[in-house]
Amino acid sequence: MNGPAPGVAVEGAVLGATGMMPVGGAINVGGTMGTGITLGGTIKMGASANMPIMGINGFGRIGRLVLRATLAKDARVVCVNDPFLDPDYMAYLFKYDSTHGPFPGSVESKDGLLYINGMPIAVYNEKDPKAIPWNKHQASYVVESTGVFTEAAKAAAHLEGGAKKVVISAPSADAPTFVVGVNLDMYTPNMNVVSNASCTTNCLAPLAKVVNENFGMIEGLMTTIHATTATQKTVDGPSGKNWRDGRGAQQNIIPAATGAAKAVTKVIPALEGKLTGMAFRVPVPDVSVVDLTCRLAREASYDEIKLRIREAAEGPLLGIMGYTEEEVVSSDFYSSTFSSVFDAKAGMALNRQFVKLISWYDNEYGYSNRIVDLVKYIHNVERGPPQF
């Protein structure tokens with residue numbers, strides 16, 4: 001199991017080269033004092049009775065890692081649907097992960113159920129979301145992670161099966177979009193289907209928020225150097241959207257389109273018309289990095305920008321944005337739970353108004369953790385204030 005990268009701000013602390021170094025406030029790794037961490041699927045047992053009860057539709061990369069993340073976050077998955085996987089195969093895929101390592105708990109398939117750490121999970125193989133009986137298992141919150149039902153109306157089919165809320169694990173053209181740490185205050189209880197945006201938007205938006213709130217952003221261009229994903233080709237083949245997308249993923253650096261930068265304007269409307277970007281797909285299995293080059297409205301030194309980002313990482317964006325001054329590379333961020341980890345040494349300033357800012361993200365596990373955080377936020381809103 002991999003730990004967080006050295007020099008990264010983690011829940012009220014910075015991990016330095018020689019160990020844990022407090023940065024103000026008690027050290028609290030993974031949000032639980034002395035009861036385990038949230039990196040790499042480490043198990044946290046004994047969850048609250050008020051935890052959200054969840055279902056997952058689509059047991060691919062994100063679906064499986066969402067399930068891992070729930071085990072450290074006081075959330076409970078009771079039902080999984082995937083039309084192409086039986087319980088035995090689900091157990092195998094969940095137990096063994098070539099990127100994040102073997103699951104450190106118990107996994108078995110028995111009597112048509114999936115058991116994780118002894119907890120039963122019902123398994124279905126329905127192709128139609130309406131046919132999945134979420135209500136039978138009291139799964140109020142469904143993570144739609146097939147990549148197929150990204151439109152609000154299509155994802156809303158889960159409501160007919162008894163789900164109360166649906167979180168789409170992908171950008172959506174018409175569902176309300178949320179990035180944890182950026183615009184959760186815009187959520188209202190009448191929103192039954194929402195999107196968690198993309199992994200890249202989750203990396204870029206917290207960084208853009210800090211920059212814009214402290215210095216103002218006149219304009220910006222983003223490039224994400226993005227890890228390979230399952231939609232790419234192992235060898236050259238035809239592509240329906242863009243010819244370059246069909247080239248072999250492990251042989252090439254592939255320029256690609258991304259809506260991540262423009263999607264930031266959905267969660268930070270003040271940046272409308274000021275931000276766009278593109279991607280390069282590169283042959284690594286996981287971990288990506290955002291390069292945000294922008295012009296500032298207010299002059300600032302690079303050191304001042306670093307300070308404001310570090311303050312945010314230790315304050316309002318605690319656990320969402322990390323900060324490092326170590327000599328890190330991409331593999332140091334495997335299984336990082338952060339949305340975005342600012343790399344202070346990799347960025348630079350041309351002058352006091354034109355800067356390049358670099359931030360890393362585990363495009364699989366960091367994003368999956370934010371999905372669970374979004375579900376938990378919605379659950380807390382639905383429960384309302386505590387009654388005394």
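Just so it is clear, glycine is given a Cβ too, placed from its N, Cα and C backbone atoms.
Within ARG244, ARG281, ARG295, the residue that TrEMBL lists together with SER198, CYS199, THR200, THR229, THR258, GLY259 for binding D-glyceraldehyde 3-phosphate is ARG281. Site annotation (TrEMBL): NAD(+) is bound by ARG61, ILE62, ASP82, SER169, and the candidate from ASN351, ASN363 recorded at this site is ASN363. Among the binding-site residues SER198, THR200, the residue whose Cβ has the fewest other Cβ atoms within 10 Å is SER198.
DSSP assigns ARG281 (D-glyceraldehyde 3-phosphate binding site) to a strand. Highest local Cβ density among the binding-site residues SER169, THR229, THR258, ASN363 belongs to SER169, counted as other Cβ atoms within 10 Å over all protein chains shown. The Cβ of HIS226 (site 'Activates thiol group during catalysis') lies under 8 Å from the Cβ of THR200, ALA256, THR258, ALA279, PHE280, ARG281, VAL282, SER288, ASN363, each on the same chain and at least six residues away in sequence. Secondary structure from DSSP puts HIS226 (site 'Activates thiol group during catalysis') in a beta strand. All protein chains included, GLY259 (D-glyceraldehyde 3-phosphate binding site) registers 17 other Cβ atoms within 10 Å of its own Cβ.
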